[in-house]
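What follows is a single structure, written as structure tokens, with notes after it.
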Amino acid sequence: MSLEEKEFKHISVLLQETIDSLNIKPDGIYVDGTLGGGGHAYEVLKRLSPKGRYIGIDQDEDAIAAAGKRLSEFSDQVTIVRSNYCNMKQVLKDLGIDKVDGILLDLGVSSYQLDTPERGFSYRENAPLDMRMDNRNSLTARDIVNEYSEQEIYRIIRDYGEDKFAKNIAKHIVRMRSEKPLETTDELTEAIKAAIPMKIRMNTGHPAKKTFQAIRIELNHELEVLTNTLEDMIDLLKEDGRLSIITFHSLEDRIVKAAFRKNENPCVCPPNFPVCVCNRKPKGIHITKKPILPSEQELEYNKRSKSAKLRVFEKHE
């Protein structure tokens, strides 16, 4: 299947909810930090006037190519940049943009990445262990699995996969690689399966899911990038501008929720102080105290939306 066909079949999660959450101004400037195939971008662009601008950022070469084709009818308004969204501030500075009306992040791995076996993201298809979102980087999942210490692998699976069998999985990975390096997704999956009791494997989801997630997060620095970039993104918003973020697991959601709460209520004074003396000012409002979840209808036609959560922050100074 070609890249175009795969991207055509990709379904953007929480599409209408995300578009609504951005409160789009027709003449506004919007930034997509995880452009992907351009599904969300297309819907935003349809709502912009000829004066509106859209900047799409993605580190994945295939995503850049697919989005460029999908958004070609808006070429006068769209700027696509191959980069990580952690560089958003610099990307906008290079374009002469100081503030924007809205920012969107759709985190995690894309359907295209999962459905392209040779990318090595999926435990359902045998392929070389890769998992790089940006193939310009030299480090791959194979390097992590074969070169990290047992303690490091345990830490990754425990912290980023939240798997209670993390210690045993790390032990089995190291044991199997001592016989021969683990080269493929199937070989890694076999090591994981061997570490988890059959009774547990029969009654839960795929045993490799959490470990694959953990290795991918470690390799691509996903949580580190998110944590270190949230403040910059809020600062880039104009008054009334909105930051909308779709997360797919609790680790991401906790980081976003904490950052939004902190920027809504930044005061660190003890509760018994009569007045604030820390002088930390709120930057806006976390307008989704409870995250927006996929509808029953969306869950039916897009199973991958099951764990998605949308949170929105509105800038006020």
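Backbone N, Cα and C define each Cβ position, glycine as well.
According to Swiss-Prot, the protein carries these features:
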- Gly38, Gly39, His40, Asp58, Tyr85, Asp106, Gln113: S-adenosyl-L-methionine binding site (BINDING)
Given the binding-site residues Gly38, Gly39, which one has the fewest other C-beta atoms within 10 angstroms of its C-beta?
Gly39
Cβ distance under 8 Å to Asp106 (S-adenosyl-L-methionine binding site), same chain, sequence separation 6 or more: which residues?
Ser12, Val13, Thr18, Asp32, Thr34, Gly36, His40, Ile246
Long-range Cβ environment of Gln113 (S-adenosyl-L-methionine binding site), under 8 Å and at least 6 residues apart:
Asp60, Arg119, Phe121, Met133
Are there residues of the same chain, six or more positions away from Asp58 (S-adenosyl-L-methionine binding site), whose CB falls under 8 angstroms from its CB, and which are they?
Thr34, Leu35, Gly36, Ile64, Ala67, Ile80, Arg82, Ser83
Among Gly38, Gly39, His40, Asp58, Tyr85, Asp106, Gln113, the annotated S-adenosyl-L-methionine contacts, find the widest CA pair distance and round it to a whole Å.
18
